[in-house]
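Taken straight from TrEMBL:
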REGION    35-56  region 'Disordered'
COMPBIAS  35-44  compositional bias 'Polar residues'
BINDING   88, 155, 158, 321  Mg(2+) binding site
Ligand SMILES: Nc1ncnc2c1ncn2[C@@H]1O[C@H](COP(=O)(O)O)[C@@H](OP(=O)(O)O)[C@H]1O
Ligand SMILES: [Mg+2]
């Protein structure tokens, strides 16, 4: 496919609004996660508010609240009729009459968040949203994307398990136009804009000072650049354009010096297969196991060189788990493909159809070629 010509002003407003609303959403998530410190607030962790979905993965007040908030802001900003959103959550559980308390928490969290929107350069509603408006904002994110038109792609809380455990998670928003990811914004509330993910012992809990700051990374397709800004905290105001720094992938291309990341959960990626690949290409460091798209963030800003994910045969990757991270890594100088070396295809609906075996993101072509070569060499003897 030929690369489209992208004029530099195109998508500027989408990028700006995307960054503003992801900053706001990160603030929401931090308040929910640290809720025990926010006495008297409607935010707060409540074990009853972590619900198991049909696939046994968790969903929380934060997931629904972020989705409702971002959906409402995008509709207000660009006009409801112009906004198509493909997002992870639906409103079914919340609409159940038995879920009134849960819905009450989501509505309170959304309203408390939207009341802060002006600090982020966004509009607040004239009056607090009611239950039906919040449910409507969540349920209209039911687009299935596809090859034609503009679609926002949202994972409100990616790595919900990391979120529930006080560990790494991300708010991921992307804009796809005609099947290509044109804008990516990745909010990483527990990934400090200053400190590196040095080793596993640093992939720690919220109590660690290391994570307090958080960051948001973003890019526009074809800009050849990706940026990072710290999260807005306390009563801070989000300025735009602001003092974001340019991020760049690592220049290390010697496997012996390189670090690879992968999912924490064995169920999400085959750790023994990646250990074999790592050994065969000469990677010597321990893998960095990190929840969520923070793995893409780590590659984009040079904290690690390789991200590999080999899900069980039959698992279909969703576009919201990759879109924002892929475009940020690419514009920061990296390469992302499936394990057969082909680009990921965001044009075929909710799923990344046709992914060959797994996903490989690298800081540069040398390491990438080595990993893809090792996959070809080892596949027959693997036990996926
Ligand atoms: N069986 C499976 N195999 C691979 N990935 C899975 C999976 N079940 C869930 N996932 C995806 O893996 C994401 C978490 O990524 P990671 O394992 O890298 O932290 C989940 O995102 P959510 O937490 O948003 O549901 C989910 O989309
Ligand atoms: Mg996800």
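Heads up, the Cβ atoms here are built off N, Cα and C, so glycines get one too.
Positions of TrEMBL features highlighted on the structure.
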{"residue": "88", "record": "Mg(2+) binding site", "DSSP class": "coil"}
{"residue": "155", "record": "Mg(2+) binding site", "DSSP class": "strand"}
{"residue": "321", "record": "Mg(2+) binding site", "DSSP class": "helix"}
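Neighbour counts were taken at the CB atom with a 10 A radius for the binding-site residues 155, 158; the maximum falls on 155. Taking the mean position of the Cβ atoms of 88, 155, 158, 321 as the Mg(2+) site, the remaining residues of that chain whose Cβ falls within 8 Å of it are 154, 156, 157, 159, 170, 172, 293, 318, 320. Of all Cβ atoms in the shown protein chains, 23 besides its own fall within 10 Å of the Cβ of residue 321 (Mg(2+) binding site).
Spatially close to residue 88 (Mg(2+) binding site) yet at least six residues away along the chain are 63, 67, 154, 155, 156, 318, 320, judged by Cβ distances under 8 angstroms.
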